[in-house]
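Chemist: First, the structure itself, so that you have it in front of you.
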Amino acid sequence: MNENVIALDGPAGSGKSTVARQIAERIGFNYLDTGAFYRALTLYLFRLHGNSPNTESFADWVKTSEAERSLSDIRILCEFSAGKENRIFLNGEEVSLAIRTPEITREIKHIAKRRIYRNFVNQELHSLAKLHKLIIDGRDIGTEVFPDAKFKFYLTASSKVRAERRFLQLQEQGIEADRDEIEKEIILRDKSDMEREIAPLYQANDAILIDTDILSKNSVISKILKILDR
């Protein structure tokens, strides 16, 4: 059993990152957003595709040997900050905001469903878990990445509630967005995450389900802290 990792899984916008950050701060763990690693990887490949003299779509290009070989050139670093989002660096460049744009959100599904890219990210996560006590949020932390985590939680919420949360988050970052479009993208993302062949999104048998539609943020945090104190 891995006591260095607390796993929080669930669909996009279910409140995982907000809850995970605050719990990490209270119990002395580091919060790690796995989605940021996939976003940074997507950003790198998206830029590389844009500079490549090819006519393939991004979805097709990421399947090529050219794209896969580029993994050896990627360095993703995470700077922990108590109570705040991780600062993410891609080959020395801070990309904490660049990885959160709607454009990257739309393209990330092409990366997340390919085993070679998942293996790349998972190796990074396991390396960090050897050095730090982590509370990690993602889609498959308790089912695929750390199935031996001592504590596993699965957070969920309706697509409408999740879209509103994402809209407000983008507003705070100065990024223009449309609520309806965000909800459409969330629904499509859910479908893609749940139906993909590799590491689909689902609740682990031993994970505790928490519906954040009907609980306030503080209630969710209190509930998880009580379970961790058992």
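Using N, Cα and C of the backbone, Cβ positions are placed for all residues, glycine too.
Reproduced below are the annotations present in Swiss-Prot:
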type: BINDING; residues: GLY10, PRO11, ALA12, GLY13, SER14, GLY15, LYS16, SER17, THR18; note: ATP binding site
Chemist: Just how many other Cβ atoms lie inside 10 Å of the Cβ on SER14 (ATP binding site)?
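Modeler: Taking all protein chains shown, SER14 (ATP binding site) has 25 Cβ neighbours within 10 Å.
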Chemist: Around the recorded ATP site, report the further residues of that chain (criterion: Cβ within 8 Å of the mean position of the Cβ atoms of GLY10, PRO11, ALA12, GLY13, SER14, GLY15, LYS16, SER17, THR18; site residues excluded), sequence-ordered.
Modeler: ASP137, LEU155, ALA157, ARG162, ARG165, THR212
Chemist: Just how many other Cβ atoms lie inside 10 Å of the Cβ on ALA12 (ATP binding site)?
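Modeler: Looking across every protein chain shown, the total is 22.
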Chemist: Highest CB neighbour count within 10 A among the binding-site residues GLY10, LYS16, THR18?
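Modeler: Compared across GLY10, LYS16, THR18, the most Cβ atoms within 10 Å surround LYS16.
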Chemist: Taking DSSP three-state, what's SER14 (ATP binding site) in: helix, strand or coil?
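Modeler: SS state of SER14 (ATP binding site) = coil.
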